[in-house]
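Below is one structure, written out as structure tokens; the observations come after it.
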Amino acid sequence: MSNWLVDKLIPSIMRSEVKKSSVPEGLWHKCPSCDAVLYRPELEKTLDVCPKCNHHMRIGARARLDIFLDQDGREEIGADLEPVDRLKFRDSKKYKDRLAAAQKQTGEKDALIAMSGTLEGMPIAVCAFEFSFMGGSMGAIVGERFVQAANVALEQRCPLVCFSASGGARMQEALISLMQMAKTSAALARLREEGLPFISVLTDPVYGGVSASLAMLGDVIVAEPKALIGFAGPRVIEQTVREKLPEGFQRSEFLLEHGAIDMIIPRNELRPRLARLLAQLMNRPSPVALPVTA
């Protein structure tokens, strides 16, 4: 019996372990909507949209900018700016420790990335929120990078686009974070005075101080399908009003139906459709229609 264990069973277990370890981590991804198990390389081809149920999964800010902007001529805006714990804030953890953990997890200094570049050859300034960095919360650096991007748009006489994904103002920066609502709104007012378009793209989720400021100030407000958009979350509202909310409440389709946003565009159509829209707003020749990615 012992020889059989040594000669047959143990090598079999070892071979099984080798097979398990040979499968790279992260090769498969489970759709949070339909539970389909998806092959990661195939999912990347669909821009992280489930091919089974069309669920638009959350993607990082750099991935967002990479699929939106032309490949050449990109320049990051405000990359040297880093958050500072001016208030020495502490809740269950020190704010500086939360920042360090978020920076290590995401590889980013803060929750917004801004770039100048081109879209189908048209100069453009673009911002994208990184939701993985403290819930995409807006603090001093997020506000400053957004304003710098707006200033680039003013200097270059080009449009500004922002992809929002945020839980709202950053609690750990208190009034400093709330001030960013006014600061970013003032920057957008300057763009409007100069006749330069701002397109706000709402992705899942957009809440709090971001939804109450820059995200809803677009000349055109676009959303991805089924994105959650609001000020307070549905559970908070239900507890306050003590009523059951309507089906699909705070989803982008609900907001479109009630006139709060202008259009819903699937992720694989955002680049060509926004390029054509911005060309019209900037009185430029419309770019050649791009093939829609499957």
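Any Cβ shown, glycine's included, is placed from N, Cα and C.
From a predicted model like this one, the values you see are computed outputs, not experimental measurements.
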In Swiss-Prot, of the candidate ranges 31-53, 146-168, 261-283, the one given as zinc finger runs 31-53
For Zn(2+), residues beyond Cys31, Cys34, Cys50, Cys53 with C-beta within 8 angstroms of the site's Cβ centre include exactly Pro32, Ser33, Asp35, Ala36, Leu38, Pro51, Lys52, Asn54, His55
Residues near Cys53 (Zn(2+) binding site) by Cβ (under 8 Å) yet at least 6 apart in sequence within the same chain, in sequence order, are Cys31, Ser33, Cys34, Ala36
The predicted model's mean pLDDT over the domain 'CoA carboxyltransferase N-terminal' (27-294) is 95
The answer, for which of the binding-site residues Cys31, Cys34 has its Cβ ringed by the most other Cβ atoms inside 10 Å, is Cys31
